[in-house]
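Below is one structure; the comments refer to it alone.
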Amino acid sequence: MATTLLVLNGPNLNMLGTREPAVYGKDTLADVEAQCRAAAQAHGLELEFAQTNHEGQMIDWIHQARGRVAGIVINPAAWTHTSVALHDALAAAEVPTIEVHISNVHKREAFRHHSYVSLVAIGVIAGLGTHGYTLAIEHFAKLLK
Ligand code: DQA
């Protein structure tokens, strides 16, 4: 059976490429998906990629990942800093999770310094641009070898 990774993206990330390019760069979400698929393919991993602006949808996807995928790479976007529900969904799913942020949230406003997701993540990558997604996939590839 193929090993599957799930890459999840939270609110406003559908606007990548045009959204505050000085902060988030010029890559679109389609570019990020292509990078993720290339990284997964290089390691013989299946990849699912999704984005939503609806918190309940994100929580449903996380529940459905339980027992089904080997790892989650998530950019929870603004829900990082607000959502106990997202924390609880990831805790319930019991799937190893890597949290990714395109920007260095620790260099930004104080409200971005706290993450509910970090408490349930095996690791966090922030500030390396969209390359952070590739690095997270490569880390899972190494863990799954
Ligand atoms: C983000 C950082 C968050 O603070 C912000 O709300 C986002 C994107 C990032 O990728 O840098 O939407 O997760």
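One is the number of the first residue shown, and numbering goes on along the chain from there.
Every residue, even glycine, has its Cβ placed from backbone N, Cα and C.
As recorded in TrEMBL, the features of this protein are as follows:
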| type | residues | note |
| --- | --- | --- |
| ACT_SITE | TYR24 | active site, proton acceptor |
| ACT_SITE | HIS101 | active site, proton donor |
| BINDING | ASN75, HIS81, ASP88, ILE102, SER103, ARG112 | substrate binding site |
| SITE | ARG19 | site 'Transition state stabilizer' |
| TRANSMEM | 116-136 | transmembrane segment |
For this session: Using C-alpha atoms only, work out the spacing between SER103 (substrate binding site) and TYR24 (active site, proton acceptor) and round it to an integer in Å.
Result: 6
Exercise. Taking the Cα atoms as reference points, how far is HIS101 (active site, proton donor) from ASN75 (substrate binding site) in Å?
Worked result: 6
For this session: Mind computing the max CA-CA distance among ASN75, HIS81, ASP88, ILE102, SER103, ARG112, which the record assigns to substrate binding, rounded to whole Å?
Result: 24
Problem set entry | Long-range Cβ environment of ASP88 (substrate binding site), under 8 Å and at least 6 residues apart | none
Exercise. Cα-Cα separation of ILE102 (substrate binding site) and ARG19 (site 'Transition state stabilizer'), in Å?
Worked result: 12
Problem set entry | Neighbourhood of ligand 1 - recorded positions from ASN75, ASP88, HIS101 with Cβ under 6 Å | ASN75, HIS101
Problem set entry | Sparsest-packed of the listed binding-site residues (ASN75, SER103) - C-beta count within 10 angstroms | SER103
